[in-house]
């Protein structure tokens, strides 16, 4: 059998053992809890003095401080240059987390290695010291097991009934002398020969502190058992929890304590309540404190400290890849901690809905209580659905949570007025104020799938909330008010109404300030950039008047875009110095992220696809643009006789083509307006990706016109200078629809010949939408569906047959793409673009 196979079999056996043990513990615990009267448990809890609870929670939070001595010994032994206050804070955070998800202390050991490696160059010595701390956590129990064997702590009622427990205590007790001997023979260095002894003593005090918290929990619920007996039961229960490999010993520890106290004649209801208080005081309270400390201890300052550490610099090249992720994780700890606190707050106050209903049932002012219940529930729901927003440091989410806390605070004062909970709300509110001031993101981009998920989650949470309230009241056999005479039957809809009102108010407050950003009245700088660095096929549309401009900080490049529907839709590629494009996009994406806007690029070329890809985008091919090589274009030859026939027909009708330079007279504008109105036939102008018929736009470039023999304009096209690849393009092409003449062909042919005569090398005929898009069976279904929507719901222009029409000019086809974020929906992004194009 190979070594690899042995290790694999050993891992499987460990997993099977842990799983079987866990199932057995759960089954036994379920059997024991099935006989418990939960009504009596709740009644016993309601009779507990609240100040006793506060004292217990303080003891639980303080007990974790003893574990900081591990880190103090470590820092002093290795002579690490860390302020003591920082050591205590980091240690408290590590130990609180380790208590919940410790897996035998490995989580805590990993965090210690992660934090302290930046303060030493001798990583081997650090790992050795941490391993001693890890093992010594068990040695404390070994020392206490010796005291149980010596009957200093009394567990005889368990040992006498279950004989194999005695042998487990003997075996565990033997670990201590072996560990002490090993650490003294193989110390980390000469100066730390007694490190194992010191850590064992710390471990012993820590286990005794935890046992004391359990004893105080039993005292509070009126269990009269001697201190030494409770400690003895605790030690055996702690050993059971360690053997189970379950984080925190959940299940195994509780089962042993339950059976141990039950064998002494203690009612199960009291034991359950004592265990719940112990778990809350020794595990939950320290985690809360650790989360609060994390919001201050980690972040930009800690990140900067690690980056500037003299021990980190030499290893930067070696570990830069891993460290790049580690420092990002450290920076996110404060927001994660605050989001967790908000989540806990939401759950706690959802549970307190039971108290409001209970008080309302016995109060004469039922309506006031149930209105408060709706407000309270709405606020709790807003806390829950904004947890992710708080983690993402969204100001809007933080503002939602702050408003929700104000409502919960008001409802709490009116109803059950718990001083502990009111203090908790104030603490979280202060943390949120600090987070709001640090936040640089106004809101997160809107996502339809996120909205659907939020609605489903909200409905589910409200249903579960109602179910828990009704089942709790039923289980407690509490008097019920008739639903027909109570406002309680409208509770669900009142909650929805309050949520909608709150969301609407906050959305309006934030949204009204950021609707048309970066409007630019003076386009002279844009014109200068185009003349200096060149433009593209769409750069002339800067003069259409329906776009905003995002300018590069050094004014070397810019973007044309439009704000619509919580999105910034950019037209084409950036314009200007290509060397400035990356920094321009970084600034633009930072700006969009700050305000919570989606960023979509429309009709971009494939020149800068790698650049767009770097920003986490994906692509959809919109179609292909027809580019005619004017150096090869001709009307001569057999294949071009159709072109010659068209031109000859216009000559026979004495229809003339002419290029006019601006400025244009009022009379000409009036004639062009008449042609445009008849061509539109009551339809609205399109926007954004094409120009509109406005005098300001027409005055920016030459216009090609076709006149009949009376000199009346019957067709026209507006030129689009590109300052790019010696190319020319046209924008508006309009003619009198009543005339049975191929006027569009005539305009194109005359423009092609004119452009060739003027020395241009390329002519852009525009895009054939969905050309070669979603045509194969292997194409993404969503792309084919989105392409059909984009094609059939764009009513002004007909794209069917457009490629076939342009093919007769023998163009070269260049692809054009839609660029959108990878976490955004394709069809929803295209709908946003359509809104921009179809609405001014």
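Glycine is treated like the rest: Cβ placed from N, Cα and C.
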Legend entry - One side of the membrane in Swiss-Prot: residue 164 and residue 390: yes
Inset, instruction - Report, as numbers and ranges, every residue of the chain located at least six residues beyond the transmembrane segment (130-150) whose Cβ falls under 8 Å of a Cβ in that stretch; write 'none' if there are none. - result: 70, 73-74, 104-106, 108-109, 112-113, 116, 166, 169-170, 172-176, 179-180, 183, 188, 195-196, 199-208, 231-232, 235-236, 238-239, 242
Legend entry - Residues of the parent chain within Cβ reach of the transmembrane segment (53-73), under 8 Å, 6 or more residues beyond its termini: 84, 87-88, 90-92, 94-96, 99, 112, 133, 136, 195, 198-199, 202, 205-206, 209-210, 212-213, 216-217, 220, 277-278, 280-283, 285-286, 289, 420
Inset, instruction - Kindly say whether the transmembrane segment (367-387) and the transmembrane segment (168-188) touch, using the definition of 3 or more Cβ pairs under 8 Å where each pair is 6 or more positions apart. - result: no
Legend entry - Non-local residues, at least 6 beyond the ends, that sit with Cβ under 8 Å of the transmembrane segment (168-188): 77-78, 125, 128-129, 132, 135-136, 138-139, 141-143, 145-146, 148-149, 159, 194-197, 200, 236, 239
Legend entry - Residues in the topological domain 'Cytoplasmic' (74-89) grouped by DSSP into helix, strand and remaining coil: 11 helix, 0 strand, 5 coil
Legend entry - Distal contacts, the topological domain 'Cytoplasmic' (151-167) - CB-CB under 8 A, six or more residues away: 144, 226, 228-229, 231-233, 235-236, 260, 263-264
Legend entry - Same-chain residues at least 6 beyond the ends of the topological domain 'Extracellular' (189-193) whose Cβ lies under 8 Å from its Cβ atoms: 77, 125, 129
